[in-house]
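Peer 1: Checked Swiss-Prot, it gives:
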- 389-401: compositional bias 'Basic and acidic residues' (COMPBIAS)
- 29-58: domain 'LRRNT' (DOMAIN)
- 405-504: domain 'Fibronectin type-III' (DOMAIN)
- 38-67: region 'Interaction with ADGRL3' (REGION)
- 105-126: repeat 'LRR 3' (REPEAT)
- 129-150: repeat 'LRR 4' (REPEAT)
- 29-528: topological domain 'Extracellular' (TOPO_DOM)
- 529-549: transmembrane segment (TRANSMEM)
Amino acid sequence: MISPAWSLFLIGTKIGLFFQVAPLSVMAKSCPSVCRCDAGFIYCNDRSLTSIPVGIPEDATTLYLQNNQINNVGIPSDLKNLLKVQRIYLYHNSLDEFPTNLPKYVKELHLQENNIRTITYDSLSKIPYLEELHLDDNSVSAVSIEEGAFRDSNYLRLLFLSRNHLSTIPGGLPRTIEELRLDDNRISTISSPSLHGLTSLKRLVLDGNLLNNHGLGDKVFFNLVNLTELSLVRNSLTAAPVNLPGTSLRKLYLQDNHINRVPPNAFSYLRQLYRLDMSNNNLSNLPQGIFDDLDNITQLILRNNPWYCGCKMKWVRDWLQSLPVKVNVRGLMCQAPEKVRGMAIKDLSAELFDCKDSGIVSTVQITTAIPNTAYPAQGQWPAPVTKQPDIKNPKLTKDQRTTGSPSRKTILITVKSVTPDTIHISWRLALPMTALRLSWLKLGHSPAFGSITETIVTGERSEYLVTALEPESPYRVCMVPMETSNLYLFDETPVCIETQTAPLRMYNPTTTLNREQEKEPYKNPNLPLAAIIGGAVALVSIALLALVCWYVHRNGSLFSRNCAYSKGRRRKDDYAEAGTKKDNSILEIRETSFQMLPISNEPISKEEFVIHTIFPPNGMNLYKNNLSESSSNRSYRDSGIPDLDHSHS
């Protein structure tokens, strides 16, 4: 009999187990079978669903429904009862209209990569707390957005409409928008009212549209007082836009347009701008003082423009040399005229800008590079930056040293081709230097494609080996002194020299001995010895091989003569059949081999021969011949009985 205390213990244990298992069973039943639920995160993505499954827990906060086949009919009406849901991922589905029946308090909605064509006020008014709306890669057009569709979206901060069918910026956007992405559409015009009132807008992306200067209003961006980033990449602008908001703009992207001029007031009052990119345009010069108001500029990128380093660009060199170290300027490489092509504007001396009215004394430093004697000058190449002095002794005299500025440093360069793809550069310095910038460029190639190569060498070095060059190609080598602050001296002139790499054939210095050897085929003294040794080894090997073959052939012939037997029709005299004939040997077969066993040469006595008459038992024939009743020697041989020992009964 069970005691009352023990009964109470068992009852309490069962009740405890029930309350522990009950929540698990309820939770298991509340999660749809095709989904996975994890603390408010419902994972129903990538399951080829055509509708949103029912039975989603009421405490769900994030719904992952992307990469399915859900259409508008597949969104159940009870979905709007999930009041705790804040994020819904419905991208890459089969929606063709803006979905309804969404939870009221959703804040982040991802609908990209569908086929949504219309946006109505009815659909947006049901989710008034929406903050982020992603509609990239759909079929939304300007006329398919209902007028006033966003008038109740007072919390909307991010609106992404990239890669749609928009031809203009949608009107009536809420003032709360901070980021607006309209890239890769068909927008060709932007009127001032389009962006009017978007005082909270911080980032505006208009890349990949059809915008030109005529399609932009005079002050279309001027009222965007909080705009920090403006991107107009991959459009059809021919001039930099003006009247930009100068209060907060920090990043301006204008690359990949057709800009060939910059108005003098384009960047006025942009004192907060720290990044400006105008790469891949058609700029050849810049108006003087265009960057004067850019007090906080740290990144200026101007790559792949056809810069003409004439007198109009001399101010750029002076401005570059006055910049602090923190300012990073890229892409100011001369494309013309030919004499300075491939050189950095920062490296050019005042004489190279050809400013005739500037009053600059055209004094040329006589300490130039020693020409490469192995490479003749060619008329079609541009003249070097500095001229070769018409003196035999390259060593400077006292008078020649005083022709330039006393602070000017002298460099003497010598270039020698070592191999078809290597040149040796050596130099001498008249005064000690901290560092030098060494650069080389293949002539006839645009430096915009990376043909120019630069390196920094310390002042203690006096030579440098350049490898991986193209054989039989012209190159220009330049050297410029540098200070420790990484700024060039104002009066420093780059010293350049032109050379050519050797052809692909073996490079030989032009000495008298080599000229004599060129008349004869090239001979290497080490090759005959190796050839003699190799030939001797080959001859010995061939002789040994021939000897072995002869020996095998000779022994094989004798062996064949002693052991050969006829492969044709056998005759009764070919074998010593059943030991009844006198022979010197008997063919003994052992499994798969045979052996010749000699027998005594003494004649076998006739008394040992016994002829047995074979009588078939019970009148049975010893063989069966289907073709003929007559006997034949072949039939008997097939039966295993010798021909001569067989007799009929």
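All residue numbers here begin at 1 and follow the chain in the order shown.
Heads up, the Cβ atoms here are built off N, Cα and C, so glycines get one too.
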Peer 1: For the region 'Interaction with ADGRL3' (38-67), give me same-chain residues lying six or more residues beyond its boundaries with a C-beta closer than 8 angstroms to one of its C-beta atoms, as numbers and ranges.
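Peer 2: Counting only partners 6 or more residues beyond its ends, the region 'Interaction with ADGRL3' (38-67) has Cβ contacts under 8 Å with 27, 29-32, 73-76, 78-79, 81-94, 110.
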Peer 1: Can you name the far-off residues of the same chain, 6+ from the ends of the repeat 'LRR 3' (105-126), with a Cβ under 8 Å from a Cβ of it?
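Peer 2: That would be 66, 80, 83-99, 132-141, 144-146, 148-153, 155, 160.
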Peer 1: Counting by DSSP, what is the helix, strand and coil composition of the region 'Interaction with ADGRL3' (38-67)?
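Peer 2: Here the numbers are 0 helix, 7 strand, 23 coil.
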